[in-house]
Structures are given as structure tokens and as C-alpha cells.
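These notes concern the structure reproduced below.
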Amino acid sequence: FCYLPDDPGVCKAHIPRFYYNPASNKCKNFIYGGCGGNANNFETRAECRHTCVASGKGGPRP
């Protein structure tokens, strides 16, 4: 799921979240709508980094 694009979902809330960007190998912020979306959605940058950067699950695809 670290390779999924950022997806704000279908609802209209304005919730700051983070997603992993494999092109830059970094976690970036985006605005989540509150429902829907996908699993590339983290409450904190640290959680995103731990899941996708530090674990080796992220990075450019070979």
C-alpha cells in the first residue's frame, strides 16, 4: 500500500494526514476527507516513515 497514490476520499472533512510518495522516498502531507481513500494514509509523519521508509517497503520500484 505504500505505492498507492494519495487519496482524499469522498467525504468533505479537512483532516491533515500524511502519505508516502515513492518517487521522492518521503512522506508528504495531504488533506483527507474523512472516509474512503486507501491505506496510504497516516496520522503522523513518523508513522508513515516507520511503515514505508524505515521498513524498506517504500522507495522506487525496481
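Cβ coordinates are placed from backbone N, Cα and C, and glycine is handled just like the others.
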Disulphide pairing with Cys48 per Swiss-Prot - partner from Cys27, Cys35: Cys27
Selected from Cys11, Cys52: Swiss-Prot disulphide partner of Cys35: Cys11
Long-range Cβ environment of Cys35 (disulfide bond), under 8 Å and at least 6 residues apart: Gly9, Val10, Cys11, Ala13
Surrounding CB atoms that lie within 10 Å of the CB of Cys11 (disulfide bond), all protein chains: 13
